[in-house]
Structures are given as C-alpha cells and as structure tokens.
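> Dumping what TrEMBL says about this protein:
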DOMAIN    171-401  domain 'Membrane transport protein MMPL'
TRANSMEM  246-265  transmembrane segment
TRANSMEM  272-293  transmembrane segment
TRANSMEM  299-323  transmembrane segment
TRANSMEM  343-366  transmembrane segment
TRANSMEM  372-398  transmembrane segment
TRANSMEM  428-448  transmembrane segment
TRANSMEM  646-664  transmembrane segment
TRANSMEM  671-692  transmembrane segment
TRANSMEM  698-719  transmembrane segment
TRANSMEM  762-782  transmembrane segment
Amino acid sequence: MQKKYLKLSKFLTDHYKIILLLFLIFSVLSILNLKNLKINSDLLTILPEDDPIVLSLKEEEKTKSNSSVLITAFFIDENTDYKKVALDYYNNLKELPDFNGLAKTDLSLLLSYGFLNVSNSKLIDDLVKNLESTFDSFSKLNPYDFKSFEYINTTLSLLNQVDTNFKASNENDPLLGYYTLSPDKKVMVMGLTFLKPTSDLNFVKSIIPRVKKISQNISQKYNIRSGLTGSYIYDYEANETVNFDFSITTYLSMFLIILIFYITFANLPSTIIVFISLILSTGISLGISTLIFKELNIITSFVAAITLGLGIDYGIHITSRLISEYKERKNYIEALSITYETVLIPLFYGVATTILVFLSLILMNLPGFTQMAIISSIGLIVFFINMIFIVPVLFYPFRNMILKSYKENKINLWFQKLGVYIPKKRRFILTLLPSVIIFFSIFGIINFSNFSYTPPGLAPTNSESIRVFNELAEHFGASLFNDLKFIVKIDEDSDKIIKELKKSPYIEKVESYLDVLKKQIGDFNKLKLKTQEISKLVNDPFSVSVLKKYNIYSDTLKIIDLASKSKNQKDFILGITSLIPEELKRSIMITKNNQEYFIIYVTPKISLARDNGLKYFFDSVGKYRERFLGERKALYYIMKLIEKKFPYVIVVSIILIGILTYMSRKSLNETFIAIFGLLFSILATFGIIYFYNIKATFLTVISFPLIFGIGVDGYIHLFHAIDEDKVHYWHTLKATTLSFLTTMSSFITFQLSRGELLKQFSLTMVLGVFIVWLMTVIYIPALKIKR
C-alpha cells in the first residue's frame, strides 16, 4: 500500500466535518445562482455574434416588414361573419401590452387609394361614360333638351353610389386590408405585430398565452376554430420544448441512475448519499456555467443529462471497489487507501481524456460548441471531485451501514461468470463481433458522407405552429410558405439574373417585382388607360367633393399623375415606392450596405425542410447564394460550417485519445486497439441508424466526441484490470458495465423529449454506448485473455 494514498485517506476521514461544511456552502452558493439560468433555443446562438451571417440576418430583420409576425388563422364557413370576427379580435388585442397593430395583408389595397381599388370596376366605367355625356350636355345645354338632365341625374346618382360604397366600406369593413381570406374562403388570416422582438424570450413567454386566450374566446363566441403560427409562437414552442426536455431528461436521468445504483448495491443509506451528491454536483456544474455564460443554448440545454451519465461512472467505480475492500478488511481508511491505489490513476486518465476530447470542440470556433465543451468539462471536473473525494467522506459516518449490502454479492457472481465465459467463447467473439461492426461501419461512412442540412425541428411535429402552418399551406398553396426572397440591384439587368437562376434544377419559379405587381394591378398599359379615364373623373367638380370627403383626393391625383407620366411599369414601380406606406415599401425593396435592391420571389421545386433539400437548393445557385435573404440561408451556412470543421475535431480527438492512452498504458498495441475500437464503434452506430433513416446532422455528429470520451474511459479501466488479479478484473467488468448502463439510461430519457431532434440524438447515443460496451467488456477480454 502506497503511503500517499494512506495519508490522503486519513486526511479526508480526519477532517470530514470541515470538508462537508465547505462543500455544502459552496454547493448552496452555486445552486442559488441557478435562478439566473436561461435557455435560448435560437439556432443562431451557435455562431459568433459578430459573424457576417448573423449581422446580415439582423440587418435584414430590421428592414423586413414581416420578419416578426404572429399569424392568427380562423377556420370559418359560409355562415361566419368574418368581418365581425376580425373586428372583435382586433378590439381585444388592443388591450394587450406592447401590441403594435395588425400587419397589412392585401398588397393591392396598399398600392393605391380611391378609385383604383373600388371593387366594382363596372361602376367606374359607367361613371366615366356618363361624365363624358354630362360634359357634352353642359357644353350644348338646351333647356328643352331633357336628355341633358337625364345624363346629369344619372351621373349624380352614380356619384352618390360611389359615396355610398366608400361609406359602406368604412362602416362595414373597417379592417379591410388587415385580413386575408384563402381562395376557398375557408380560412381568414390576420398578422399581429408587437413592439418587442422574438429574441425577447421573456416577452414571448408572456404574450403568447394571452394571445391564445383571446383567440380561443373568439373561437368559442363564433363557434369556429383558430390557431397560431409564425415566428413568435414557433420561438415560444421551441423554447418551451427545450425547457421541458431539459427538465425531464435531468430529473429522469437522476431517477434511473439512482434506481440502477440501488439495485446494484442494495443499500439505502449509500444510495441516498450518492443521490444527494448527484443533485449537488449537477447544481454546482450548472451554477458555475450560469455564472460564466448566463444562458444555455440549443446544444448545451441537455448537457446536465450528459454529465450525469458520465459523472456517475466515477462514483460507481469508487463505490464498487470501496464497498468490496471495506467488507473484506473492516477498516474504512485502509479500504479507501487501497481503492485510491487501484482506481484513482485509471479514473484520472479516463476523465482527463474525456475532458480533452470535449475541449476539442473548441476547434470548431463556434460559440455553441465552445460552450458545450466548457460546460461539459466543468461538469466532469465537478463530478470527478465529488465522486472521488466527497462521496467517500459522506460514506464515512455511515460506514457500518454499508456492510449490510447483500444483492451486490449476487451481481458480483454474475460478472464472475461473465469473466470466465468470455475467454471460453474467444474464437466466436473475435469472429462475429468484428464482422458485424465492419459491416455496419460501411453504411456509417455512407451516412457521414451525406451530412444532412435538414435536421428535424426542435418543436414537436404535432405542435400548434407546425399544424396550423401545414393547414394554411393546404388552403393558400404551399408556394406561399416556401418562397425565398432574392435581391437584385435597381440598376441591374434583372431578366438576365432571373434567367440564370432558372437554370437550377431545384427552382420551379422566379417572380420579379414586376411579376408580383402585375398580379396586384394587372397589365400596366391597361392601368395607364384606366387612370387616364379616371383623371377625367377626378377633375370633375362633382367627384372632387367625394374624394376629398374620404381623404383620398391627393393620393389619387399622385397615382394618376404617376401612371400617366411613367414610360413603363418599372418607372411606375420606382415612383410608387415614394407614395406607398413604409411597411409596404419594405416588402418590395430593401436597403443593404447603402444600396437599394428590389426583392424577387423564388419558389423551390423541392422542400427545403427535409431530405437535404436545403443543401441541394443553395449548392445549385452558386454565386447567387449570397443574394438570398432569411434564416434558411443562415441555416445553410451554419450546417456548411459544421460539415467543414467537424472532421478536425474528430482527428484531434483521435490524437488525444492515442496520446493519453499511451501515457496511461505505455503500450502502442493497446493504444491502437482503443483508437480503432472507438472509431469503428461510432461508424457502426451511424451505420445502424442509417437503416432507421436517421441522418448525420449537426447534433447527431456530436455523439462522435461524446462516445470517444465515454468509451476511452472503459478501455483504460479494462486494460488496467486485466493486468490485475481476477477479483479486480471482475469488479471492473461490473463497474464498467454499470457505468455504461447509467450513461445509456441518461440518454434514453431523451426519448421522452417533445422534439424529434433530441430523440434522434438519444437513439444514436444509446446505440453508440451499447456498441462501445460490446467492444470493451466483451471484445477486449476476448482479445487479451486466453483460455
């Protein structure tokens, strides 16, 4: 027995009260800091704040009129008074704090005021014809020509009808232009805007439930159905999902780990002590992380479950050996000293390798991955210290109760039999296991080579935002929600650019600003003729009073004058941008880097949300990629960065595993066994999930360093144990198996998460850890121990 371990054991037991007091104070201070913990589900937090992609997107968000709109859909029928529904809804919304107003939904209504948007065009034609007859009659007025008076009476009657139309529009439909009906008249859509952005998660969490309540009240009142979609509710649901997943995975992981621990050691006091240590270790880890980062991102939101699964490993190794030695020697200090002598160095190399593998994520140079590397490393250090030093100190006052464990002996007997069974089946294991692993590894390489840019969403597929979105797509047409915005400089040849864009096999349709406007105002030549006719109406003294009455006289004059003087439609559009409201202008034009651009709408031929459509689409547009606007372009660049940088993490992880394994074992043979064993384990994992249609995505590839870190710990322990006596080897088989089992139990809790993204990651990790268990507990003894 080495004296340094005996001195360490005596120091811990002699001063256990002071150590526990200091540990408790530090734990409380760390846990109190958790009240400031926030979880941000925004995928853009993966990137640096000053990244050009983030800056560009933020600039676009400032200029886009519909960047942050909460869409309310009312599913109506022919008996629904949708105008009344819209007005009632709006009146209730006005009571909400920070409600900015309704978004304009009808472009044609915004393009002009007055006669250009009178619904009955026949009324205009009749009115103009009668005006012509009236002017002619006045010029040849004959008191005995009763026909002249007929023209005048008809004209006055028509003008009165125009007046009535405007008045009726104002009274009966004051929200005209603030709602849109689907072509089948079965859905009414209204857009809500707020003074605070979607990035203000506290505001989002408070406003969405209140809007939902108002929508539900309106639905009940009019016996219709309603739903919400758009950026506000999607961010709300995503954040709620991440928070739910964080809570359920953390608490359930603790429960499963403690259940496994209790079944293994069958001692209530020791189980309670380890459980308390788990809670405190988790609290300290998250408390320190909160102090450093203030919030968790989409990747680090499940790091608590990861560190729980990994951190308990050290507790299992220490507890298993300590209980065994204490039962045999009946001297706690001596038992603790021997425990440290046999397992401390392998545990240290195991945790050091795992931490360094995690820290290799920093090479990605992406804050999201850097945060995960640091938080995971902090968690592992905290768990290592607590399980190696604090748990034995906590055990000390209750050391006599530990001797009452019974079930552990039965479990030890099972692992003794396993330890004897493996060498007997050596040839079978060495033939079958590598063959299966290599077979699936081939498909794993295929999976990695087709890195997916379209991971499943954070929000569950049955969430309200996605369900309503899909329903609106059915009623309005999928292209309405699948279009991408593309920008062209005002002085560029847009026709040439559009022609080049259409060469992409993944683009179905490209509509220029001219095309979009044509849909709203019709053919420009006809518009010009119409405005020339209407100019007569505007100059007529009878109609001027009506136009002025409804404050549309000056705007009508400007539009008529602009249309009559414009040479072509492009001139008209450029001119009309100075007349239309600013919010409409933002949907036609955008300013970037002090340069004005027109917006073009591109309709993809494929879905950008599945089957790697995002990658195929943006890869196909080549040099025009930068001209697209919106989050989908940002998502494409995030995935491209991860795909490009992650191989460096893998290479560095392999090198670190090799160095530390060699430092621990001083054996090149064992070093290569560990490296290739782990590498093929992960490839086989991705080969198996390939058959479950789970792709290599930004989240599933994180399993690479995680499995590396988890697996190398097992390899180092097994290598050391095989060189020791049989009893130590059997205990290591048990401790390593239980470590892998608790880790798997942590990750399997993610199957209860709401989002498909974490479920896929969960299955990847559980399969990966199981394969690593086969390659350590089964394959290594078969390889190194001969009958």
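Don't overthink the numbers, they just go from 1 along the chain as shown.
Positions of Cβ are set from backbone N, Cα and C atoms, glycine also.
Curation plays no part in TrEMBL annotations; they are all automatic predictions.
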> Thinking of Cβ pairs under 8 Å, which stretch from 246-265, 372-398, 671-692, 698-719, 762-782 has the most of them with the transmembrane segment (272-293)?
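By the under-8 Å Cβ criterion, the transmembrane segment (272-293) pairs most with 372-398.
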> Taking 3+ C-beta pairs under 8 angstroms (sequence gap of 6 or more) as contact, is the transmembrane segment (646-664) in contact with the transmembrane segment (343-366)?
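In this chain the transmembrane segment (646-664) contacts the transmembrane segment (343-366) - 3 or more Cβ pairs sit under 8 Å.
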> Excluding the flanking five residues on each side, which residues at least 6 beyond the ends of the transmembrane segment (299-323) place their CB within less than 8 Å of a CB in that stretch?
39, 41, 46, 242, 245-246, 249-250, 253-254, 257, 261, 264-265, 270, 274, 277-278, 281-282, 285-286, 289, 293, 335-336, 338-339, 342-343, 347, 350-351, 354, 368-369, 371-372, 375-376, 379-380, 382-384, 386-388, 391-392, 395, 402, 405, 408, 699, 702, 706, 709-710, 713, 717, 731, 734-735, 738-739, 742-747, 749-750, 758, 761
> Sort out for me which stretch, of 343-366, 372-398, 698-719, 762-782, has the most Cβ pairs below 8 angstroms to the transmembrane segment (671-692).
762-782
> Within the same chain, where does the transmembrane segment (372-398) have neighbours whose Cβ lies under 8 angstroms from its own Cβ atoms, ignoring anything closer than 6 residues to its ends? I mean 6 or more beyond.
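Sequence-distant neighbours of the transmembrane segment (372-398): 12-13, 16, 19-20, 23, 269-270, 273-274, 276-277, 280-282, 284-285, 288-289, 292-293, 296-297, 299-300, 303-304, 306-307, 310-312, 314-315, 318-319, 322, 332, 336, 339, 344, 347, 351, 354-355, 358-362, 702.
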